[in-house]
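The next block holds one structure in the form of structure tokens; read it before the comments.
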Amino acid sequence: MVILVAYSVWFYPFELAFLAPSHHRGLYLVDVVTDLFFAADILLTFFVAYIDSKTNMIVYDSRRIANRYLSTWFVMDVASTIPYQALYLLFTGRQQVWSCYSLLGLFRFWRLVRVEELFKRLEKNIKFNYFAVRCFRLSCVALFSAHCAACLFFLLAEENHGGKTWIDDFAKYGDETNIWLRYTVAVYWSATTMTTVGYGDLRAENTRERIFITGYMLFNLGLTAYLIGNMTDLVVESARRTMEYRKSIEVASTFVNRNCLPRRLEEQVLAYMSLRFQAERMNQQRFIEELPKSIRRRVCRHLFLPAVQQVYLFKDVSIGTLTSLVSKLRAEYMPPREEVILRKEGPDEVYIIVSGEVEIVSSTTTGGESRLDGLSSGDMFGEAAALCCTPQRFTFRTKVLSQLLRLKTAMLLEAMRINHHDSVTIINNFLRVSITIYISYSANPV
């Protein structure tokens, strides 16, 4: 239907302006077939459900559908579908290009509403690039406006019998009987006028042409404002995130310099501000929290349950307890060399590594640092202090960009209190691994 609309609204002004009456008879059949498609679409519209704007519910009642269509778009759809010129030829047997019947054919432009609806759907469809769709839409508006103006300008000259017109010196462009050459020259004039260039090689030669060109130039003021405004919005929107990023980094740099923060702390502040923008699309926690509780639980189970089941602490724990835990997890990204847990910090949270690497750092007697071990995807840290209710013994620091699942210690202990059997399983898993690590360190002390 959109292809038929494009043919109808593009070819109709071209047909009026550039084709002789002898060429129209063969096109009447094509126009009638096109109108039959639109007539069939009118009939089908009486059986298409719609969404009520007040209740936001889908209406299936055929009577309400018919009443709504009859009171809104039906009259204009019918007016744009009637083949006026074919009926004029049928009843009079005469072919006349420029007449009141031709003016009635302008109702075809009502069909452009369908194209507008198509572009709105494409702009909302994430499968298509929004910038590309908007640019294509604006290009179609500009080209269609230039096409219609060119056809109308040429038609005014053709209908001015015996008077001087702008096509009097058409011979300098070539064969004046060539339809496509005539169309090209008319579009050339339309484009130069639309872009406010106006070289002056094609100009108005009589009062009618001057009036039309004046109106066209005034119309172009609005069209140019529309095109430039939309293109500006697209460019500004694409650059908005970059400007926000630069401003946030500038604010952070000013804060760091004003307060003379240490070099290490300065790097951490700037790294966090940079990561907040770079990983915003990957950070899914904010979106998850906006979902209803039932959907959020299912989404968290799909996303986090496989990672939690890999952790040694939750081996052989029931699905019910794990499902309760994953709905309380918070996913976040940490930049490289970010200290997730500090030594002697309270046992507030437990972390599970989804991706990335985390190193375990211990303080030496000389005040330096000693790296004990590295953790990767599927490992957990912070659980020893949480289960033993003691301060953290080590510092845990990310080595690369890492995605972590964070669980409050209170929520873990609450889940253990609710299910005694799972509580025993978690404690046994912890003790088994702790004894293994103790034996390993005793045999090979750091």
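The chain as shown is numbered from 1 upward.
Even glycines carry a Cβ here, placed using N, Cα and C.
These numbers come from a predicted model, not from an experiment.
Under the heading domain 'Cyclic nucleotide-binding', TrEMBL lists 313-433. Feature annotation from TrEMBL assigns transmembrane segment to 27-51, 134-156, 179-199, 211-229.
The average pLDDT computed for the domain 'Cyclic nucleotide-binding' (313-433) is 85. Across the domain 'Cyclic nucleotide-binding' (313-433), DSSP classifies residues as 40 helix, 41 strand, 40 coil. Sequence-remote contacts of a segment are chain residues at least 6 beyond its ends whose Cβ falls under 8 Å from one of its Cβ atoms, and for the transmembrane segment (211-229) they are 138, 141-142, 145, 149, 152-153, 156, 190, 193-194, 196, 204. Counting residues 6+ beyond its ends, the transmembrane segment (179-199) has Cβ neighbours under 8 Å at 14, 17-19, 142, 145-147, 149-151, 153-154, 166-167, 170, 173, 213, 216-217, 220, 223-224 in the same chain. Outside the transmembrane segment (134-156) by six or more residues, the chain places 9-10, 13-14, 16-18, 98, 115, 119, 123, 165-167, 182-183, 186-187, 189-191, 193-194, 208-209, 212-213, 216, 219, 223, 226-227, 230-231, 234 with a CB less than 8 A from a CB of the stretch.
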